[in-house]
Every structure is written in structure tokens, then in C-alpha cells.
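Asker: Sharing a structure here in C-alpha cells format.
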Amino acid sequence: MLNVLLLSCREGTWEEAFRRTGIPRVSCTDESTNETGNQFDCNMSSGKHSLVDGEINDDENVSDLEKNKMMNSAGDSEEMRTEQHNIQLNRNGDDTNQTIRLYKRRWFIVLLFSSYSLCNSFQWIQYGSINNIFMRFYGVESFTIDWMSMIYMLTYIPFIFPVTWLLDKKGLRIIALVATAMNCAGTWIKVTSVRPDLFAVTMLGQFCCSLAQVFILWMPSKIASVWFGSEEVSTACSIGVFGNQLGIAIGFLVPPILVPNVEDMDQLAYHISIMFYITAGVATLLFILVVTVFQERPELPPTQAQATARCIPSEQYSYTASILRLLRNKPFLLLILTYGLNVGCFYAVGTLLNRMIIEYYPGEELNAGRIGLTIVIAGMVGSLICGIWLDRTKTYKQTTLAVYLMSFVGMLVYAFTLSLGHLWVVFLTAGALGFFMTGYLPLGFEFGVELTYPECEGTSSGLLNCSAQVFGIIFTICQGKIIDNYGTLAGNIFLCVFLFIGSVLTDRGRNGLKGMSTVKHRSQTHSTEGRVSAVTLSHCHSYYTKLAS
């Protein structure tokens, strides 16, 4: 900091130096300092460095130490430029904050992302929603069709860390291009697989789509922070998750309509091919849109926190160190566990819903899809309400616990009313379950970002999703086996137990957090006119104290 001030003083007055560097002025409590503070004389240990009427006066009384500092400043120019770059948010020569701006195109960016997330998540459930039909067409077991959904979860686990590293190195646009390209390729591979002997080909296509999901699932919080203002980030994150949920809803609703359970295999193949061609056409259109219009980031940052982030040289950021810091963050580790339990239960319910409904209501494939649609539509409403509520109140811990408890209650009611024989009751209880369980998705994302600020949003979201995929695979396999051996009620009680455990852990974590300082840190940074992080401020204070002493 001293070097920065001295270098700036060479180019003009002290007043201009303070304005250029953005360093706050202090008054030197010395007898030679006048009341206005325009003239001051600070005695050094070996000499005197004086300022008269704002002009630097470097006379022979300046200590040798200070002269050496000034001479060495030229040799440290690279270090000075880096330090200036970190603390100088404004390059217009005054002491105001860097200009921030919200662009209207931010809504198009998040809606485009939401659209290709929709296309990808639709394919996650398109096999499971008509499980019995694909079993008969390809001549495979129910558990094999379950893997068409579980492959999404399995692929995510090993690939999320290299993909997050790629985001840090290449940015949002490259990630969006790869995601839509892989998704498009997977849909066209499926088009070629509509024959009973080509199950391996359709599995390959599903694998490509599952790989694309790795580039999609953790993106909502990143896009929200890069493009949106501090009062919009939770809402924007909810819109990003909204697309994923809507895709799952369409995946429950559309396949039973497009692929009826007909006996003729040729007719069945025709219906399946129609579904695959429609999906491929939509995926291709979205890929073209991303290539032509998707933008890396806005020209001007949306918040002062983003302005600060842009001033940090990329070489100063270590992805490995960031992961290690997150894994030492105890509140975040607890959130990883509880988020995985909740979302893993949702994945299991979505994958096995067709089997659960058909057991009690034979021949109701279409209504099974509609019940899945009800779960997700109610969840989308819950997501938007949670996002708006968080933007207004910032009550992350209280809202998380309330939604988690209601997810447990909703699952309990759903489990014990499924066998009553009334579909309208199932629709009602499934909607309540979806409202809270699916509504937890964006809430967990944003809470994770708040707990881990200023770490990269993609890293924290990636770890949360990784936990969800692990628990999703475990719960889907275990619940499927329990349903086969003990019935649907026992399988649903199995999920209730883990939702109860998650609720207890969430309450323990809520009580164990040290106040709200960590959770409020990021929100305060968004609203404090671009002040740099506490670490940077601490270093600035240390340097400037040495200068004034």
C-alpha cells in the first residue's frame, strides 16, 4: 500500500494520490498538523517527510529508509500493479465506487439456461414415467429401466469436480456450449435406438444426456450471482431451478400421452420414435440459441461484490484450496448431508413413482404421470415462493428448517394415504409433498452459497448436488428392493425415516451456527457500495497504519 501511495504521489499531489488508490485519508496527530488537515508533518524515526498544501516535499531530511522504499518501488512495479488492481475498483480518478448496471438481457440468459435445463431433465424421467412400457419394448427388467434414471446420478459424482474446474478456467459460455452439445448428441443417438434389440444404444444416448446434466445442475446460483442484482439473486436462482423442475414435470406428463401402452410392437416403436424426434428437435434448437446468443457475463457488473470479484487476478484463485476450505466449513458439511438426504428422497420418489402408483391403481399409467406432474408443479410454486421470501427476509436457517419439517410431514401423509383407493387423495397429498420437497432445491443452493461466501458458487453447488446424487442412488436402489420384497408402504416409510433424520440434523445445525454473521456476509457485501472483502480491508488497514505511524 505504501508503494502504491508513493508511486501515485510522483504523478501529482497527495490529494490525487489518495483519490487514485482509494485509500482513506487519516489525520496525523502532530503539533504541526493544522485544524483543517491540509498540512501535516509526520516525524519519522530517522528524518522527516513533509506535505505542504498537498504537494510532496522530498528534502534532505527524508530518512534513508524512506528513500530506499521510493527507489525500490520501481523494481516492485508488478507487485504494485497487482495491489492497485485489487483495491482500485474505480478507474475514473475519483473515490466513488465502480459503475454497476443491470441489463435487461439477464432475464433472457436465465430463461435460456432454464430452457435447456428443462430439455435435459425431461429425459431423466422419460423412461421411468412409463417404466412398464419400456420394460416390454426392450425386454428388460424393471431394475434395468430404473438405471436409465440412476445413470444421471451416477455420472454426476465423478465428473462434477473436473467440470467445476473447467468453469473456473473457461467461464459460463464454454460450460453452456458443452452442456447443450452433449444433450443434443444424446437425443439424436436415442433416435437411432428405436428397436427392441438396441437397448445398449438407447443407454448410450442416455449416458450422453446424463453427462450434459453435470454441466447444468449446479449452474443456477452461478448465473444468478454473475448477472443479477443483490435483491434478485434468490429469485433468479429459483427461475434456474424452475426449468429443471418443469422438465421433470413434462417428463411425467408427456411420455404417457405420446407412448400409449399398445400391444402392437411396431406401433409402439412408432410412438417412441415420435417422442425421441420431438426431444431431438428441441435440443437442437436450444443448442443453436446458445451458440448464437449466450453471453459469458455482462459488460458492467450487477453488484459491487461482483465488481470486487472481477478485480481478483485468476492466478490468485486455487480450486483445490477452495475445495479444502469448504470441507473444513462445518455448517456447510452439515448442509451437504441434510441436502443430500432431502433431494435423494425426491429422486427416489420420482424414479419409482410409476411402480408405486401401478401397484395400487393398475392401468393408470396416464394418471401416474399426472401425479408426477402435480408433484413438480407444486414444487415449482414452492421454489418461486421460497426464492422471493429469501430475497425479502434473508431468513435462510429458519426457512430451511420449516421447509424440511414440512417435507417430512408431507412424505408421511403421502405414504399412509396412497393405498386408500382414491386417486384424488393421492393427487392432493402428492402436491403437498412436492410443494415442500421440491421447493427445498433452490433454498439449499442459496443457503449453501451464503454459508460459503466468498467461495465460488459453482463449487458449493457442485458439492451439494454430488451429495444428492449419492443419496439418490442409494435410496432408489434400497427403496426399489424394499418395494419388491415388502411392498410400497414399507418403501415409503424407509424414506420417511431419513427425512426425519435430516430434519433433526437441520435443527441441530441451525442451533449450532454462530449467529448470523456468516450467513449475512454475502448479502451485506452486495449492499455496502462495493466495499472489498474483510481480508482485503484488514491488509489495507495494516499497510496504512504503518504509513501513518
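Glycine residues also receive a Cβ, built from the backbone N, Cα and C atoms like all the rest.
Keep in mind that what you see is a predicted model, and the values were worked out from it rather than measured.
Quick paste from TrEMBL:
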TRANSMEM  107-127  transmembrane segment
DOMAIN    109-514  domain 'Major facilitator superfamily (MFS) profile'
TRANSMEM  147-167  transmembrane segment
TRANSMEM  174-192  transmembrane segment
TRANSMEM  198-221  transmembrane segment
TRANSMEM  233-254  transmembrane segment
TRANSMEM  274-294  transmembrane segment
TRANSMEM  332-350  transmembrane segment
TRANSMEM  370-389  transmembrane segment
TRANSMEM  401-417  transmembrane segment
TRANSMEM  423-443  transmembrane segment
TRANSMEM  463-483  transmembrane segment
TRANSMEM  489-506  transmembrane segment
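Surface or core, plus neighbours and distances: that's what I need for these features.
Answerer: Non-local neighbours of the transmembrane segment (107-127) in the same chain are 134, 145, 148-149, 152, 176, 179-180, 183, 186-187, 206, 209-210, 212-213, 216-217, 219-220, 223-224, 227-228, 236, 239-240, 242-248, 250-252, 254-255, 275, 279, 282-283, 286-287, 289-290, 293-295, 350-351, 372; each lies 6+ residues outside the stretch with a CB under 8 Å from one of its CB atoms.
Residues of the same chain lying 6 or more positions beyond the ends of the transmembrane segment (147-167) and with a Cβ under 8 Å from any Cβ of it are 124-125, 127-128, 134, 174-175, 202-203, 206-207, 209-211, 213-215, 217-218, 222, 319, 323, 347, 350-351, 456, 458-459, 462-463, 465-466, 468-470, 472-473, 476-477.
Tertiary neighbourhood of the transmembrane segment (274-294): same-chain residues 108-109, 112, 115-116, 119, 122-123, 126, 172-173, 176-177, 180-181, 183-184, 186-188, 190-191, 193-194, 254-255, 258-259, selected by CB-CB distance under 8 Å and a gap of 6+ residues from either end.
Within its own chain, the transmembrane segment (332-350) has Cβ neighbours under 8 Å at 125, 128, 149, 153, 248, 252, 326, 372, 375, 404, 407, 411, 433, 437-438, 440-441, 444, 447-448, 451-452, 460, 463-464, 467-472, 474-476, 479, 495, 498-499, 501-502, 505-506, 508-509, 512, counting only residues six or more beyond its boundaries.
Counting same-chain residues at least six beyond the ends of the transmembrane segment (423-443), those with a Cβ under 8 angstroms from any Cβ of the stretch are 220, 234, 237-238, 240-241, 244-245, 339, 342-343, 345-346, 349, 357, 361, 364, 367, 370-371, 374-383, 385-387, 390, 396, 399-400, 403-404, 406-407, 410-411, 413-414, 417.
With a cut-off of 8 Å between Cβ atoms, the residues of this chain six or more beyond the transmembrane segment (463-483) that come close are 142-143, 146, 149-150, 152-154, 156-157, 160, 217-218, 323, 326, 332, 335-337, 339-341, 343-348, 351-352, 355-356, 359, 444-445, 448, 490-492, 494-495, 498.
Remote same-chain residues near the transmembrane segment (489-506) are listed as 334, 337-338, 341-342, 344-345, 348-349, 352, 356, 400-401, 404-405, 407-408, 411-412, 414-416, 418-419, 475, 478-480, 482-483 (criterion: CB distance under 8 Å, separation of at least six residues from the stretch ends).
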Asker: Are there residues at least six beyond either end of the transmembrane segment (198-221) with Cβ under 8 Å to its Cβ atoms? List them, or say none.
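Answerer: Cβ under 8 Å, 6 or more out: 113, 116-117, 120-121, 123-124, 127, 138-140, 144, 148, 151-152, 154-156, 159-160, 163-164, 172, 175-176, 178-183, 185-190, 192, 233, 236-241, 244, 442, 445-446, 448-449, 457-458, 460-462, 464-465.
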Asker: With the transmembrane segment (233-254) as the reference, find which of 174-192, 370-389, 401-417 contributes the most Cβ pairs under 8 Å.
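Answerer: By Cβ pairs under 8 Å, 370-389 leads among 174-192, 370-389, 401-417.
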